[in-house]
Amino acid sequence: MSNKLVRETGLSGALVIGLGSIIGTGAYVSVGLSAEIAGSGIVFAILIAAATALMNGLSSAQLAAAHPVSGGTYEYGYQFLNPLSGRIAGILFVVAKSASAATAALAVAWYISLSISVPFWVVNFIAVGLLLMFTVLVLAGVRRTNWLNSLLVLVSLLGLVTFIAAGFSERDAQEIVVSVSSPLSLFHAAALMFVAFTGYGRIATMGEEIRAPRQNIPKAVIITLAFISAIYISVGLTILHLGGISSFEQSNFNIAHLIADSNWRWVVIIGGVVAMSSVVLNLILGVSRVILAMARRGDLPNRIAVLSSDRKSAPTATWITFVVMSLIATLGGVKTAWTLSAFTVLIYYGITNIAALKVPPAQRFIPKWVSILGLLSCFGLVLLAAIA
C-alpha cells in the first residue's frame, strides 16, 4: 500500500489554504503598525514586502518539491546545507512564529480590552490566558479542517471589507497623497510587512497533496500574494483616509478603533478576533511540531519528543511552545513582538533561499536568479531596517 498522500487538492483549494494561512495579524495589526512608520508610503512598503515574499515563496516551493517533508527550512538546511544551518533555521522558526503568535494574542487582548473597557494593565494576562486556552485545545486534538478554514477566511475578509467600506464612507476624512517620506522608513515598514505574507509557506509544502504541483503551486503562490497585497493596500489606504496614524499607537494598532460607527466597528472587531485567534491556534500547532522534530533529531533533549498515549499530540513540545510564546507576550508589547518576528523570519527565509540554490539542476523548476534575489532582499531588509 502506498504511503503517499492522494493528490486531491486543486488550484482553488490551494488558494483557500493560502488565504487562510496568511489573513490574520498582518491585515488587522501589521498594516497599521507599518503605516505609522512609512506614513503615506505604506503602499510602496507593501509592494516591496510582496515582491520579497513572492521570491521566497517560489524558493520554498522549489525546496518542497525536491524534498517533500514537514519541518520547512529546518529540514531543508540539513538536506541541502549542513546540520548547523538546519539547527539555526529551527531556532529562528520557533522564535519567529512564537513572536507572531504572541503578537496575535496581544492584539486580540487589546481588541477585547478596548471593546469592553478592561484596564490596560491586564492585557498581557488576557494574552497569556488566550495562549493557554489554545494550547489546551491543540492538546485536545482541535485542528482547522478545510471547511472550517474556508469559514474563517470568509469571516476575516468580511471584517476587512467592512473596515474598508465603512472607512471610505466616513466624512471629514483626509485626502490621500501617496509619497515616500524616507527610504529607510520605507524599508523598515516593508520588513515588518513581510511577516504578514509568510503564510505562503503552507502552500509551498503541499507538493505531495496538490494536483500538478509544479504548475499549480507557483500559480497559487502568485495569485494568493496578489490578492493579499490588494487587501493590505486597501486597508493601508483606508487608514490614511481616516487620518488615524497619529493616535494609532495608543490603541496598539487596532484598526477597529478608527471606525466611528459602533455597529460597523463590531463587525471589524469580530473579524479581527476570529482571524487572529485562528492564527494563534495554527502557530501553536506548527511551532510545537518543529520542536518535536528537533527533539527527535537530538537538537533538543529527547524527552521533549514524548507523544501522548493516543499518539495524536506531543504534550511536552506543546507546553514548551506555550511557555516561549507567553514569555514574549509578557515581556513585550504588540510592536516589540512583531518586530522580533520580522527580523528572525527574514533571516530564516534567507537560509531558505541559500538552500534553494543547492537544489540539483534535475530537480529545479524555479530559476536560480529568483532565489538569489530572495536572499538579497531578505538580508537587505534586515540591514536597512536595523539602520532605520
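Cβ atoms here come from the backbone N, Cα and C positions, even for glycine.
Feature annotation from TrEMBL assigns transmembrane segment to 12-31, 37-58, 88-112, 118-140, 147-168, 180-200, 221-244, 264-292, 313-331, 337-357, 369-387.
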May I ask for the residues of the chain that lie six or more residues beyond the transmembrane segment (221-244) and have a Cβ under 8 Å from a Cβ within it?
15, 18-19, 22-23, 26-27, 31-32, 34-35, 39-40, 42-43, 46-47, 50, 53-54, 57-58, 61, 157, 160, 163-164, 167-168, 170, 173-174, 176, 178, 193, 196-197, 200, 203-204, 255, 257-259
Would the transmembrane segment (264-292) count as touching the transmembrane segment (88-112), if touching means at least three Cβ pairs under 8 Å and pairs must be 6 or more apart in sequence?
yes
With the transmembrane segment (118-140) as the reference, which stretch in 313-331, 337-357, 369-387 has the largest tally of C-beta pairs below 8 Å?
313-331
Please indicate, using numbers and ranges, the residues of the same chain that are 6 or more beyond the transmembrane segment (369-387) and have a C-beta under 8 Å from a C-beta there.
48, 51-52, 55-56, 58-59, 62, 184, 187-188, 190-192, 194, 342-343, 346-347, 349-350, 352-354, 356-357
Outside the transmembrane segment (337-357), at least 6 residues beyond either end, the same-chain residues with a Cβ under 8 Å of its Cβ set are 25, 29-30, 33, 55-56, 59-60, 62-63, 72-73, 76-77, 79-81, 85, 88-89, 92-93, 95-97, 99-100, 102-103, 106, 191-192, 194-195, 198, 328-329, 366, 368, 371-372, 374-375, 378-379, 381-382, 385-386
